[in-house]
Amino acid sequence: MKGEEQSRSLFGIPLTERPKWQQFLLCSSGFFFGYLVNGICEEYVYNRLQFSYGWYFTFVQGFVYLGLIHLQGFTTKQMVNPWNTYFKLSAVLMGSHGLTKGSLAFLNYPAQLMFKSTKVLPVMLMGAFIPGLRRKYPFHEYISAVLLVVGLILFTLADAQTSPNFSLIGVVMVSSALVMDSFVGNLQEAIFTMNPETTQMEMLFCSTVVGLPLLIPPMLLTGELFTAWNSCKEHLYVYAVLVFEAMATYVGQVSVLSLVAIFGAATTALVTTARKAVTLLLSYLIFTKPLTEQHCSGLLLIAMGIVLKLLPEYKDSNPHKHKRKQQHNEDHIGQDEERNPLV
């Protein structure tokens, strides 16, 4: 409840005074816009230009974030949490970004995208162990998450047959990114929950500042720093694509942090899954790839999982609320009768 009482806005648009559905629509729209652009740019850079430098591209993206946050007027004087709050979050966040982008060197974009679509299940499972949350979800929500996973398996098996760019190394990398993702959303929600004064700008700024130095060791160990620098120096237009992508992703990042703060990590993971499905379809339409019946079966199961997650939540939320209110009123009446018996 504290998180709901905190006044929040999205790029100057006030959210707190709006109905929940409007908050959800605004945040989701910003997220969809940012990450649809991000998806198209990523596939262009990795698959069409054959530039697979995940750690380096994440490093460049971080500096674009810091520049945009500075333009928004955020300063460290506005921080309400100590720096050490963000060390664990930044480590898993940057690791997830780097491994996700790097996996595109071994997986085609749709396969990587569908692996990432299963994030909702590990996020739900990990939420039970994060201090400050200890969340438990109803059984039907776990079923919906399992449907997403089964849909992913069907899709990736079909994708392995239709695409030559499908490697076990890429599967390991994107699976490791999924494990890190299960921590990211829950840690973000825990910070917002334990300190409702935390803003989206502070979260993104601190995570980026703490996380950028963590990207240097893997770039040096793999030699990616110098290889990527030399490659991009010969093709400077790649930086223009990266900056444009980072600006769009920045909109998506701030929007998704708003979703986490208001609606929680699991609901946010579901929204990101829906976005991945849309991006996947756009990938096949824009880059004209073969879509088989097995692909469609996987997408159908994913859609069923999303519907199963959404319908009970909105259908049952008001009755539970009214039931709790009615029970409270009955208890209150009972107490009054005990104090003032009629006979």
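The backbone N, Cα and C atoms fix where each Cβ goes, glycine too.
In TrEMBL, annotation is done automatically, which means it is predicted and not curated.
Checking TrEMBL for transmembrane segment across the ranges 21-41, 210-230, 294-314 points to 21-41. When the ranges 166-187, 188-209 are checked against TrEMBL, the one recorded as transmembrane segment is 166-187. Here the transmembrane segment (86-107) has long-range neighbours at 42, 46-47, 52-55, 57-58, 61-62, 115-116, 165-167, 169-171, 173-174, 176-177, 180-181, 183-184, 187-188, 191, 203, 206-208, 210-212, 214-215, 218, meaning same-chain residues at least 6 beyond its ends whose C-beta is under 8 angstroms from one of its own.
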